[in-house]
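Comments concern the structure below.
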Amino acid sequence: MVTTHNLGFPRIGAKRELKFGLERYWKGESSRGALKALGAELRQRHWNDQRDLDLAPVGDFAFYDQVLDMSFTLGNLPKRVQGFHGDALDNYFRVARGRSAQSAEEHAACCGGVSAGEMTKWFDTNYHYIVPEFHADTNFSLDPSRLLQQLAEAQAQGVAAKPVIVGPVTYLWLGKAKDDSDRLALLPKLLPVYGALLDTLTAQGVEWVQIDEPILVTELDAAWQQAFRTAYAALETRRIKVLLATYFGQLQGNLALATSLPVDGLHVDAINARDEVDALARELPAERVLSVGAINGRNIWKTDLNATLDWLEPLAKRLGDRLWLAPSCSLLHVPVDLASEEKLDAEIRSWLAFALQKLDELKVLATALNEGRDKVADALAANAAAIHSRRHSPRVNNPAVKAAIARIDAQLGNRVSPYTQRAPKQSARLNLPAFPTTTIGSFPQTGEIRQARSQFKAGTLDEAGYRKAMQAEIERSVREQESLELDVLVHGEAERNDMVEYFGEQLDGYAFSQFGWVQSYGSRCVKPPILFGDISRPKAMTVEWITYAQSLTNKPMKGMLTGPVTILNWSFVRDDQPRSVSCYQLALAIREEVLDLEKAGVRVIQIDEAALREGLPLRRAQWGEYLKWAVESFRITANGVQDDTQIHTHMCYSEFNDIIASIADMDADVITIETSRSDMELLDAFDNFKYPNEIGPGVYDIHSPNIPTQEHIVGLMKKAAERIPAERLWVNPDCGLKTRQWAEVIPALTNMVAAAKTLRNQVQ
């Protein structure tokens, strides 16, 4: 009999209950007890949703991030929070976001907030984790209380529980040594704590534990490969059964290593590594389980169940009870329930599967393998009809778009002149001071903004009323920026619910869900649009709002667009053509918007490519092809303008050292980047690479409510000036200010502008 299980479930709730509960607690509007009760309620609901599985995950729920949870389980707290006392949950939030609830901070042993932990992308997804911090003298100590609490809840509910933990080698790999020490040198101190954790789970009656080691799908050198052998040899003596889980890619050169480790089962991502399944079935020792991730845990399209059974059936015959079935990875990366989508186009809806529907697909596959296809004939027939409908729908294919793609040539991505000739023309047109100040684009999304948007979508506010409300918010943003004496202004993006969804709503080839939310980090959720067909732009998308904002001021007003690579990487993308083709389609559509903004007199146009890096394949050998079409797509979008129009781009959570040449090849006049959480460490990339254009290293962390001081900003910019000529430096926050409050934004930007004025006097 085939065993079914799941690697992880979305934690936010079908209607984002966790998001709202967290934000109430942080604002002091609810108690710690209420937040913990909400967590327990969500866990109970999610285990009930997974009741048909043979094994359900436990420990996949986190109030902020599963890697941060693991840091607390291992007793690895940053030194800066160790002086705080009180409830561990408040310390947890201090590490995650710099502070906990206001009431907790008022009674803390130390005063004020602390620096939030560094946050970065989880492999090549749009989820973010809090980076573990290490020093040469880091010690570990077991605190299993969070995991044991969840395990007790699951067992009381009758759940066949499979605890999920981040593996020891991946945990070290995900972290950063703050003193440049060797992370692997900590492995001998870490392994006894993992051993004690496994013993603790055994004592609670746990039969199987899932240990996630996704770095096995990356390129590992000999030292990291040896770390796996050392780690699992040390853990082998434990009585608990270990399912080693990999996902997001192929094992390739690590396949022999993975099959040789002394564990009881191995999970592989059969969506990305389908070609490796047969080799794994051959090479895995005869007593071990092979868990096959046959359902895509990262995208929302229905699985072709009949085609999947065609290759699973011979595997099941070969492996028998040793075959387990699961999604390819945790379902954290997809929305919860398609049944909530009452307004989604019926035809498109029939092509989709969210988390609960993926579990249904899993059940159909298992039943077909265990009892024969006849037992699920109706489900298989319905699935086949949906697959056929999508494949042959005229809504998916647009001949005019395909013809435009065929006409793309190299000249389409070239500016009229090189940067050295463009820069003087832009300087003359814009007349900016040294260290010009700007923001990244968005200002706080107030309750009034959200209410107006909600009323407009519900039909209780007409278009004229909505436009008036948005114009009032835009004017407020402009007046605040003028009062702050910022140099290049933005309109604030009041009309935009999301930097990707906003554009997707106005492009043909996209569809939109009501409740298709996925977690990005903490309480931050995104609702990726659904790219189902060929992309085109029926009409201008932003020109009306930007030109209105420009009419309110004589200062330069940035046009704000999201770039094609980011729209692609932050969408649920069709899987029936190469991603590069979809990206080129987006590039042509956004290019039309860039040219319309220029015609309307907009002097500065920002094209955000926040997600450029996250699209990189996990293996460096595959980077070249991705970067080629990603950079080409940006250049097609941006480079139709005249020399005196200044093109900005923004990237966040990115490390640049290894792709700096490709970023330079994008040829944006100004690039703004996230650097404050890493203390300008990202600028190390410029030590050995002379970046030719202008750059704005982010000077304060907008993901934390803490207010940066003028002195801190000056210090960061002086560090930047050691690597970048001062005349090519801009002063700006790390990212957009959408998630902050005006009461936080005004003092932060006041200090930022004051710092820029100080720099103009101090730095030559």
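Each residue, glycine too, has its Cβ placed from N, Cα and C.
Since this is a predicted model, take the numbers as computed values, not measurements.
Of the listed candidates (Asp310, Asp321, Asp608), Swiss-Prot assigns Asp608 to the same L-methionine site as Ile440, Gly441, Ser442, Glu493. Matching Glu475, Glu480, Glu614 to the 5-methyltetrahydropteroyltri-L-glutamate binding residues that Swiss-Prot gives (Arg16, Glu17, Leu18, Lys19, Lys121, Arg524, Cys525, Trp570) identifies Glu614. Of the residues proposed, Glu632, Glu674, Glu711, the one Swiss-Prot records at the same Zn(2+) site as His650, Cys652, Cys735 is Glu674. Counted within 10 Å of its Cβ, the other Cβ atoms near Asp608 (L-homocysteine binding site) come to 25, all protein chains included. Straight-line distance linking the Cα atoms of His650 (Zn(2+) binding site) and Cys525 (5-methyltetrahydropteroyltri-L-glutamate binding site), rounded to a whole number, equals 20 Å.
Using a 10 Å Cα-Cα cut-off from Cys735 (Zn(2+) binding site), none of the binding-site residues among Arg16, Leu18, Lys121, Cys525, Glu614 qualify. With respect to Cβ neighbours within 10 Å, the recorded positions His650, His703 differ, and His703 shows the lowest count. Within 8 Å of the Cβ centroid of the L-homocysteine site, not counting the listed residues Ile440, Gly441, Ser442, Glu493, Asp608, the chain contributes Thr439, Val490, Met499, Met560, Gln606, His650, Cys735, Gly736, Lys738.
When secondary structure is read from DSSP and collapsed to three states, Glu614 (5-methyltetrahydropteroyltri-L-glutamate binding site) falls in the helix class. Least packed by the Cβ count within 10 Å, out of the binding-site residues Leu18, Ile440, Cys525, is Cys525.
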